[in-house]
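Colleague: I have a structure I would like to understand better, so I am pasting it below and will then ask my questions one at a time.
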Amino acid sequence: MAGGRRRKLALSKIYGIACGKASFKEDHSQIGRPGFSRVVYSNEPDCFEAGIRNYCDNYVRTTKYTAATFLPKSLFEQFRRVANFYFLVTGILSFTRLAPYSAVSAIVPLIIVIGATMIKEGVEDWRRKQQDIEVNNRKVKVHQRDGNFHYSEWKNLRVGDIVKVEKDEFFPTDLVLLASSYEDAVCYVETMNLDGETNLKLKQALEVTSSLNDDYNFRDFKAIIKCEDPNANLYSFVGTMEFEEQQYPLSPQQLLLRDSKLRNTDYIYGVVVFTGHDTKVIQNSTDPPSKRSKIEKKMDRIIYLMFFIVFIMGFVGSIFFGVATENDLENGRIKKRWYLRPDSSEILFDPKRAPAAAIYHFLTALLLFSYFIPISLYVSIEIVKILQSIFINQDIHMYYEEADKPAHARTSNLNEELGQVDTILSDKTGTLTCNSMEFIKCSVAGTAYGRGVTEVERAMDRKKGSPLVHEKLKVQNHIEDSTDINPTIKGFNFKDERIMNGNWVDEPCADVIQKFFRLLAICHTAIPEVDEDTGKVSYEAESPDEAAFVIAAREVGFEFHKRTQTSISLYELDPVSGRRVDRLYKLLNVLEFNSSRKRMSVIVRNEEGKLLLLCKGADSVMFERLAKGGRDFEEDTREHMNEYADAGLRTLVLAYRELSEDENKAFNEKFTEAKNSVSADRETLIDEVADQIERDLILLGATAVEDKLQNGVPDCIDKLAQAGIKLWVLTGDKMETAINIGYACSLLRQGMKQVIINLDTPEIQSLEKTGEKDAITKASRKSVLEQILQGTAQVTALSAMSEAFALIIDGKSLAYALEDDMKKMFLELAIGCASVICCRSSPKQKALVTRLVKSGTGKTTLAIGDGANDVGMLQEADIGIGISGVEGMQAVMSSDVAIAQFRYLERLLLVHGHWCYRRISSMICYFFYKNITFGFTLFLYEAYASFSAQPAYNDWYLSLYNVFFSSLPVIAMGVFDQDVSARFCLKFPLLYQEGVQNVLFGWRRIVSWMFNGFYSAIIIFFFCSKALEHQAFNHAGKTAGLEIFGGTMYTCVVWAVNLQMSLSISYFTLIQHIAIWGSIAFWYLFQVVYGFLPPSFSTNAYRVFIEALAPAPSYWLTTLFVVIATLIPYFLYSAIQMRFFPMYHGMIQWIRHEGHSNDAAYVEMVRQRSIRPTTVGSTARRVARSTHQR
């Protein structure tokens, strides 16, 4: 490098990472044991030792099938469905003499239906195959054993290869970092594809390999890496590197994971340790839990019922057939059915073996009555659901233009479930709120700064109904807006003339203010990016909070502008000279934030040589760490933090201490030993060492940032509440913050009684000081149980008075409430409340609460969240909705439907959910109706023909009924039908309850449609038979035979089921007209074309339509009168119900058809049915307030 190579940096001083020579002591014994047996021969992938280990290659396959397994595996998937298996059995039996129809006519429809589904599966898998090919054929530079690197495809990489990855490229495997373009061997990594986080992670190689920063250095490089076996843990890695006869510990800091991206670094060198399906990202790519909608499960039960009906019909028919067959011959004389030649018949009609003939007849009847089961039901529903998903994806009203993100239905299996949601379980941060933090207030040296007004404060003002306060806020906002000439700065909404524009130097505690904002500018892991054109500095931070802190420090006068691995540079306002000066702080250690520590610290040396520990963290861990002499402002700071929490703000405490050289040296030794540990409790050891140094702190103050509500959240919650949907909020925030956010989004309102369950009782607090864990657990469990019982009694006592309750519980109490002996009581209390807020909830608790609600209520649950901590909740719920927001894509990747904003949930459920539920329910009911109508005519004719298993229709008429003559209209209905428009769905939210209460797919409705099918078949059969028998059919005096009777009856069935569809549809489109009338027209066209085929193929349908049916007026008159007679009962029932007993959607249809949609008084009268006294939302709040005033 130009200018010579600088002295190597002491890596133990950077980011708290001590990677020098390590004393492994006893921890090293794990390597080589089970779970830690992997050995990698770096730069020697072809050596004998590497070959015998037989590690997998780097080819990754995400497809469900291969060319060899597609046919058998796909067929197995199809015939796992009981209906398809039934048709397979009947298809096989159709090749025997038992079949009442030809084998070809039975097999072809099955092949069409199964083939269509397999083609769909194959196309989807082919797309996955194309993605696999693209990924596996990506190129990366690989060392060729001669000091040169050449491009090779990812799929050819092997364990032990040395690869060179360049800027903005993805890592092809899991690599151990050896060196980078930086002299201290660091690199920046983006892990969005892994954990959904958009921030950059810092990785650093071992010091011993950091000098290998040129290609030629790897000509003779040899090292042996021993590490853990492949596993799914993204955040752990235990291993050692044996290099030049020395062993060095490896940690996650040296591991670069496949599918993460190299950023802000020109190149890195790494050795391949895990390939292909051994990599951590592939180990994590488990299939999401299989979810089926309640309607689909119920549909299976209906099919079982249909099987039972078919079995009963076949059984009854076989008994009658057996009796009739036995009576055909008496004393050797033909008695009845002479045309069957019972004196010389085979076993199928042999009176001497009537029981056997009855059994064979039973098998024949099962084949004949198979048309009761709709063969095209499954494939039709799949087609409809895919098209419904496309409409959801393309809905412009759910497109978020700012982020260019449309809605995305990631699975189509649960469309109708969106219309049946009873309970929504929602995350707060990033879901109800923006997860875009703004620094708005702070408390420094016991003085509160920041005059901004939060949305929660405005909501609290509305709650109190104080016009004076409201006017004061308006005036204050007007003054601030008129004086604020600066453009809006993202992440900064702080207004206070005492601090801004350098005025803080005149404050009484200016030195504390200086330390406060200096701490914000130093204590973080943000990365500055300077725009070369404008010179402006922007920041890549690990969280929106951290970015807000760094921006706040910059705006006050402490601009962080440069970071190296050993230093942080600030432009500071010098309070003495008033000038902007550049100060350098040597960065010695970073004690990183994690969920158990709840704090972050840095150790720096300033230009005066002082050693400083700067710390920020949650109040629950910070106040207990203050020194006796560092609590000067504690009381005032606590008071201010409570006020900030009341205003819905997120708070952190800032403190510092000075370190002596001896303290720092002793800490470094312990910290180095902990970092070098290779044991499983390595992180615990590190935390213990950090805990010892983070003591005796001096309080500076507290920050307060606002996470604003997303646009439209209160209105969306209001509409969902009016629809009768319950909303639970599961958040990790403090109780005060969660409660006030609840007021802001109208989950809580004035006058709503709150049932609060927590463990802040004096008894528990005194026990916590003694530290007796068993006693604390026993007392806590008892306290939670008592609070649950008291709350339940309170809710029960006042429920008759229509009082609205809200349940609020913290994380500690929730842990006990979810125990087996208490969770049913907790759920009973929660169900009795209008809204539920669970505070300080862990990801596991979120999933457990979701499971409890789903299993305990038996109703449909929907979970919605945006972060990796919400994944368990999303997968546990019946429906998981991912918000594609600031926290990355992991929640979206685990979800069933992805939307960009919470407010889109309103349209997704109330419009698309209601439509999909209604369409699928009606579609399934209609499918069974049309098949019963068709199938029962076969049974009636068989009874008419002395149960001889003679089909009433031609073989191909039987086969194509479900495929061509009745399926297209039902598919069109499933895609396009609307009982009411989207505008009316949103205007009358209670319409959604039709899905929650399952009124459109209850057994009463299903059985009524089945009854409709049975009586339609009876009308068609008897009317046709009576109209055609005992009289001439045409002018030639010919009577109607089987082919004429069957053709006439079949025509009536086709007309009846298609016109029944036209009566059922609420919203006609051109496509539906084409489907309905086209199916009828296609029947006539088919008769003509099929009738012209040779008699060997068309059999008894040869020229029947042209020569017999079409010329006969009785054919057309019979069709007309029979079809009208068949439809009259349903028409009368629908008319009477609509006029005198309308369902809720019927009332809305009357509003639309009678022109009342603009009659405000009439519409409001109907809408009032949507508002319940125990619900939540802004509408309910206004109603409650007006009731209270009266």
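For all residues, glycine too, the Cβ spot is worked out from N, Cα and C.
Heads up, TrEMBL stuff is auto-annotated, nobody curated it.
Sequence annotations record features per position, and here TrEMBL assigns domain 'P-type ATPase N-terminal' to 41-107. Residues annotated as transmembrane segment in TrEMBL: 101-119, 302-323, 358-379, 927-944, 956-976, 1006-1028, 1040-1058, 1070-1093, 1113-1133. As annotated by TrEMBL, Mg(2+) binding site applies to Asp427, Thr429, Asp866, Asp870. The ATP binding site annotation in TrEMBL covers Asp427, Lys428, Thr429, Glu546, Phe593, Lys616, Arg650, Thr731, Gly732, Asp733, Arg840, Lys846, Asn869, Asp870. The active site, 4-aspartylphosphate intermediate annotation in TrEMBL covers Asp427. Per TrEMBL, the feature domain 'P-type ATPase C-terminal' maps to 892-1142.
Tell me what's around each of these sites.
Modeller: Model confidence over the domain 'P-type ATPase N-terminal' (41-107) stands at 84, taken as the mean pLDDT rounded to a whole number.
Cβ atoms under 8 Å from those of the transmembrane segment (101-119) belong to residues 74-75, 78, 84, 87-88, 90-91, 94-95, 367-368, 375-376, 378-379, 382, 951, 955-956, 958-960, 962-963 of the same chain, restricted to positions at least 6 beyond its ends.
Note on the transmembrane segment (302-323): residues 82-83, 86, 354-355, 357-359, 361-362, 365-366, 369-370, 372-373, 924, 928, 931, 939, 942-943, 946-949, 1006 of its chain, located 6 or more positions outside it, place their CB under 8 angstroms from a CB of the stretch.
With a cut-off of 8 Å between Cβ atoms, the residues of this chain six or more beyond the transmembrane segment (358-379) that come close are 81, 83-84, 86-87, 90, 93-94, 98-101, 106, 109-110, 113, 116-117, 299, 303, 306-307, 309-311, 313-315, 317-319, 321-322, 325, 347-348, 924, 927-928, 930-932, 934-936, 938-939, 942, 947, 949, 951, 958, 961-963, 967.
Counting every protein chain shown, the Cβ of Arg840 (ATP binding site) has 20 other Cβ atoms within 10 Å.
Annotation for Asp427 (Mg(2+) binding site): same-chain Cβ neighbours under 8 Å, separated by at least 6 residues, are Val729, Leu730, Thr731, Lys846, Ile864, Gly865, Asp866, Gly867, Asn869, Asp870, Met873.
If one looks beyond the transmembrane segment (956-976) by at least 6 residues along the same chain, the residues whose Cβ comes under 8 Å of a Cβ in the stretch are 101, 105-106, 108-109, 112-113, 371, 374-376, 380-381, 383-384, 387-388, 391, 919-920, 922-923, 926-927, 930-931, 934, 1046, 1050, 1053-1054, 1057-1058, 1061, 1064-1065, 1067, 1069, 1071-1072, 1074-1076, 1078-1079, 1082-1083, 1086, 1090, 1101.
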Colleague: Using a 10 Å radius around each Cβ and counting other Cβ atoms from all shown chains, which of the binding-site residues Thr429, Arg650, Asp866 yields the largest count?
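Modeller: Result of the Cβ crowding comparison: Asp866.
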Colleague: Cα of Thr429 (Mg(2+) binding site) to Cα of Gly732 (ATP binding site): how many Å, rounded?
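Modeller: Roughly 9 Å, rounded to the nearest whole number.
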Colleague: Among all protein chains shown, how many Cβ atoms are found within 10 Å of the Cβ of Gly732 (ATP binding site), not counting that one?
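Modeller: For Gly732 (ATP binding site), the 10 Å Cβ neighbour count is 21.
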Colleague: Do you know which of the binding-site residues Phe593, Asp870 has the most other C-beta atoms within 10 angstroms of its C-beta?
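Modeller: By the 10 Å Cβ neighbour count, Asp870 comes out on top.
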Colleague: Test of understanding: give the count of other CB atoms lying within 10 angstroms of the CB of Asn869 (ATP binding site).
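Modeller: Here the count is 21.
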Colleague: Helix, strand, coil residue numbers for the domain 'P-type ATPase N-terminal' (41-107) per DSSP?
Modeller: 33 helix, 2 strand, 32 coil
